[in-house]
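Trainee: Take this structure, written in structure tokens, and hold onto it; I'll ask about it next.
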Amino acid sequence: MIYSVPYLLLISFYGIMALWYNQTKNLDSRPVNVLLCMLVTLLFWGFRGFCFYDWMSYYPMFLHAGIENFSDNITSMEPGFCLLITACKEIYDSYIFFAFVCSLINLALLSNFLLKHTDNYPLALLACTVFGCFLLFTDLMRNAIAVFIFINAIDYLAEKKIWKYFLMVLLALSFHYSAILYIPLYFFARKKMKRWVFATIFFAGVVIYALHISLFVNISTFLLSLVNPDLEGKVRYYLDETAAKSPGINFVFLEQVLTGGLVLFYMDKLREVRKNADIYINCILLFFVMTFMLHEFVTLSVRMSILFGVGYWIIWLDLLRCFKFTNNRRLFILFICVYCFLRILGHTRNPLANYNNVLIDYESYQERVLIFKKTFKD
């Protein structure tokens, strides 16, 4: 619980600012509200120390960065990210500076999207933080920039500006190759999906997840058995060994079932409240597909589903506008508040989540490595 306090304070701050943003009659104060949220977000994430996991990979990567090693690095990491990490290393040789620059880029891209597509910036930040951005801001440096570039390409997707969209996706690809999934998205993301199609795919995923059906393993081994029967046993053994056990039926899964049900129930209303709602409906379905269908590979499931997390961010906000009765809206807001706290608690249960802000109390890489090793040893 103690590790969760800074993060709970952050989302509580967003909640208070969202209430102020919504209730204020002085519209001139809203830009101040937005700037304050941006400043707090940048200070919180931009000056974080060695928190969570991925710094164990990125810190050595940064040490090896630089013009003299550029030819080696360009073959081992995406070109856009290689250029960024090299530029940061040459400007100021500090991993903390590099992490700050990444956070600044992330916040700028995210804010540009939210200010265009939502009507309550602090509330949108709250939703984003809980549904994916927490992970993007802490661990997935390359994925994060790719995702935030993509969400700014959604306007081109909606307007059918194919070349501008693909140029943005190409830029996203230069930071993480998983962004290649955004290429086929162009051809069906605007399609108006029938309710029964959404329901069939969604509930099939729910059943696969709930019953722990190893869909990916079974399909892979079956296809390989057709090519070379001798490989089937070896591949199944390898996949079984590398697969991580899914969390199973927990409060996150129940929330996802509830969200999917609400999307089904309010699908027509969602299309009324947002012009290009089908893009986000299709994205949230892809989020569910990646989460449920790849459940036997937890890391892969998380990293693939987060590519389409924008569907979650927008639809949860739009659902508030779908409720006809005020009491239903209040109940949903209460549910959001409780769920946000539970979700943050779930993210920050172990010592690796211990928040450290370098402006207040700097903990060195070596100190955090000791905590990292002790945590996994225990």
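Backbone N, Cα and C define each Cβ position, glycine as well.
For 6-22, 34-56, 95-115, 122-151, 163-189, 196-227, 247-267, 279-295, 301-319, 331-348, the entry in TrEMBL reads transmembrane segment.
How buried are these features, and what lies next to them?
Mentor: Note on the transmembrane segment (6-22): residues 29-30, 33, 36-37, 40, 44, 120-123, 125-126, 129-130, 134, 337, 340-341, 344-345, 347-348, 353, 355 of its chain, located 6 or more positions outside it, place their CB under 8 angstroms from a CB of the stretch.
Non-local neighbours of the transmembrane segment (122-151) in the same chain are 7, 10-11, 14-15, 17-18, 20-22, 33-34, 37, 41, 45, 48, 51-54, 58, 77-78, 80-81, 84, 99, 102-103, 105-106, 109-110, 113-114, 168-169, 171-173, 175-176, 178-179, 182, 302-303, 306-307, 309-310, 312-313, 316-317, 336, 339-340, 343-344, 347; each lies 6+ residues outside the stretch with a CB under 8 Å from one of its CB atoms.
Long-range contacts of the transmembrane segment (247-267) within the same chain: residues 195, 198-199, 202, 206, 209-210, 212, 281, 284, 288, 291, 298, 312, 315-316, 319, 322, 339, 342-343, 346, each at least 6 residues beyond the stretch ends and with a Cβ under 8 Å from a Cβ of the stretch.
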Trainee: In terms of Cβ proximity under 8 Å, which residues at least six beyond the ends of the transmembrane segment (95-115) contact it?
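Mentor: Here the qualifying positions are 34, 38, 41-42, 45-49, 55, 58-59, 62-63, 84-85, 88-89, 121, 124-125, 128, 133, 136-137, 141, 144-145, 148-149, 151-152, 154, 310, 358, 365.
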Trainee: Verify whether three or more Cβ pairs under 8 angstroms connect the transmembrane segment (34-56) with the transmembrane segment (279-295), leaving out any pair fewer than 6 apart in sequence.
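Mentor: Contact absent: fewer than 3 Cβ pairs fall under 8 Å.
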Trainee: Given a Cβ distance threshold of under 8 angstroms, which distant residues of the chain, six or more beyond its ends, lie next to the transmembrane segment (301-319)?
Mentor: 113, 117-118, 120, 123-124, 127-128, 131-133, 135-136, 140, 143, 146-147, 150-151, 154, 178-179, 181-182, 246, 259, 262-263, 266, 270, 273-274, 277, 280-288, 290-291, 294-295, 332, 336
